[in-house]
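Structure first, commentary second.
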Amino acid sequence: MTVQELPGAAAYRPTPPPAWKPITDPAPLLPDPEPYRVLGTDAVADVDPELLLRLHAELVRGRRYNAQATALTKQGRLAVYPSSTGQEACEIAAALVLEERDWLFPSYRDTLAAVARGLDPVEALTLLRGDRHTGYDPRERRIAPLCTPLATQLPHAVGLAHAARLKGDDVVALAMVGDGGTSEGDFHEALNFAAVWKAPVVFFVQNNGFAISVPLAKQTAAPSLAHKAVGYGMPGRLVDGNDAAAVHQVLSEAVARARRGEGPTLVEAVTYRMEAHTNADDATRYRVDSEVEAWKAHDPVRLLEHELTERGLLDDAGIEQAKEAAERMAAALRDRMNADPELAPMDLFTHVYAEQTSQLREQAAALRAELDAEQDHDEHGPEAGR
Amino acid sequence: MTTAAVTADGRPVKAKPATMAQALGRALRDSMAEDPTVHVLGEDVGTLGGVFRITDGLAKEFGDDRCTDTPLAEAGILGAAVGMAMYGLRPVVEMQFDAFAYPAFEQLMSHVAKMRNRTGGAMPLPITVRVPYGGGIGGVEHHSDSSEAYYMATPGLHVVTPATVDDAYGLLRESIASDDPVVFLEPKRLYWSKADWSPEAPAAVEPIGKAVVRRPGRSATLITYGPSLPVCMEAAEAALAEGWDLEVVDLRSLVPFDDETVAASVRRTGRAVVVHESPGFGGPGGEIAARITERCFHHLEAPVLRVAGFDIPYPPPMLERHHLPGVDRVLDAVARLQWEADS
């Protein structure tokens, strides 16, 4: 007996499956074909001059901060410093678009964003100095610990924003990641969760051209990183990362959208890492000087300064004033970082668990004895205690 | 076993047979009812009630926001739980199976285990990660791993595993209430094990970090946990015929590890066998044997032996009985504890 001969087979007529339609209309989610710009375009007329001046002062300060932190590394005062020189427009804008109650989720390259948010630079640099992991209370500052494992902070931002929304709190989380980080699984999972949960999150990718040495072309075949948003059902925005006014505007819109309960946005800022990955890296092994020179012509500080002086909003005296303020910040930072941090070896055991296990108590006692012996030796010489 | 016999309002309570799965589900329910910050999230935990039905009824009682079906992505689930905990919630994450928890390892190792330490105590993460683990249920590959050694080797995590119905309820309640992250390993072949138990008046149990002597004895100590406890209890009964009176210690938590109870038992008996399903090489038994030797060397009449799973990827279901430590292997090990030296 064949299927056609089964009882009732004659009555069966194949019909098309139930109608299929896309879950989300992709058209409005697509990023612009070109990075969005404000400086040097008509759009700049709509920007509050006060904001431009504020951005300028912060950019100048940020540039000086990067230079000072790099110098501190050369002097041995920082174990390592991943510089955001050239990316100051992104760092500053990310900090300025947030309200005090919002949360920032920085990566290890984003100490400047934390500082621009008001964090004491010494506290921001504690991790990189190496005397303790996190130099501040994240809940008090609403700045997550600087995150080193790439993109792993993104799901945290989603969970936090989701929790805040469940509680009815008006809190937005802005999470920062680099172009290399977009290849990580956590980037994918975070964006997917955020979109499904409509979590008030802004994912902010600084595409600075390199993941240490690997250029973007070896990282992705996507039309742009912003295009990845469409696959998750959220809007993607592409912006010139060296145009502080444009980054500020695009991030502000994304934050406002999240605040309205409309869900997450992926923002890709196209920028350039002017320095090597860190002081321990040699950028000449993987990129040519002419490329760096080309980006210098599109420097975020110069771009904004040019706009402001062209329009008569800033003169040489104003520029000088901004530089002097930055110098004062740098001098204070240098002085404070030149003091040796107080080390607390016994604290190694204090915050592993709420309550020390018996094993940790034994190990702490052993270290205590070693420290006492060291001190005895230092005070009384090698014969002490024999 | 159960001591409490009255409800909160003083009515007498009759304990009835309950499964470990029911006790675990009740622990989740009671934790959620008591503390509005407790949120359950995972794959299929909502409408379905979990593949083992542990979360059955929670979404209905507390709503989808408290018991949430997530997208299928373990790192995302645990990563989101980290963020939720940062904001003051107390997430309970369900990993569907032992081997499906591996994608969440980076979140667990780099953030969950370390956040209290990274932030100098400012931001502990009260997250419970429930992981059904171990074999013996006829699962095809990737459904029967004993992954406890990985978790044990990560400072900052508590690693807890119940072997009784009372402990399933009591230890899960305590894990959820803990301000530290807990990897809560559920022996899935004991999910359907039964004991008299009363949801209205669950018995109080020893706290996390305390091992319990399940069977006192004088000849030798069997040290075990989770799915291997019933094996050891059965072996101890069978050993009587050989003239051995075995003590059985249920560790209950691998971290914190109760050196005191273990060492006290071995000092009494002078002989010890560690029993677990996890592969022996690099497994918990090596650490436990070393700790016993360090503390009880002069009391030992024989080397500490291990009965463990073979050092092989978990076998296909039709062969798993050859892999899992059973009563005979435990008794063989006991027989090798150099008894001739006594005579």
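Yeah, the Cβs are placed from backbone N, Cα and C, and that goes for glycine too.
The compositional bias 'Basic and acidic residues' annotation in TrEMBL covers A:377-386. Under the heading domain 'Dehydrogenase E1 component', TrEMBL lists A:67-329. Sequence annotations record features per position, and here TrEMBL assigns region 'Disordered' to A:1-27, A:367-386.
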Quiz item: So what pLDDT does the domain 'Dehydrogenase E1 component' (A:67-329) average out to?
Solution: 97
Self-check item: Tertiary contacts of the region 'Disordered' (A:1-27), as residues 6+ beyond its ends and Cβ separation under 8 Å
Solution: 230, 233
Exercise. Could you put numbers on the helix, strand and coil content of the region 'Disordered' (A:367-386), residue by residue per DSSP?
Key: 14 helix, 0 strand, 6 coil
Quiz item: How does the region 'Disordered' (A:1-27) divide up by DSSP, counting helix, then strand, then coil residues?
Solution: 7 helix, 0 strand, 20 coil
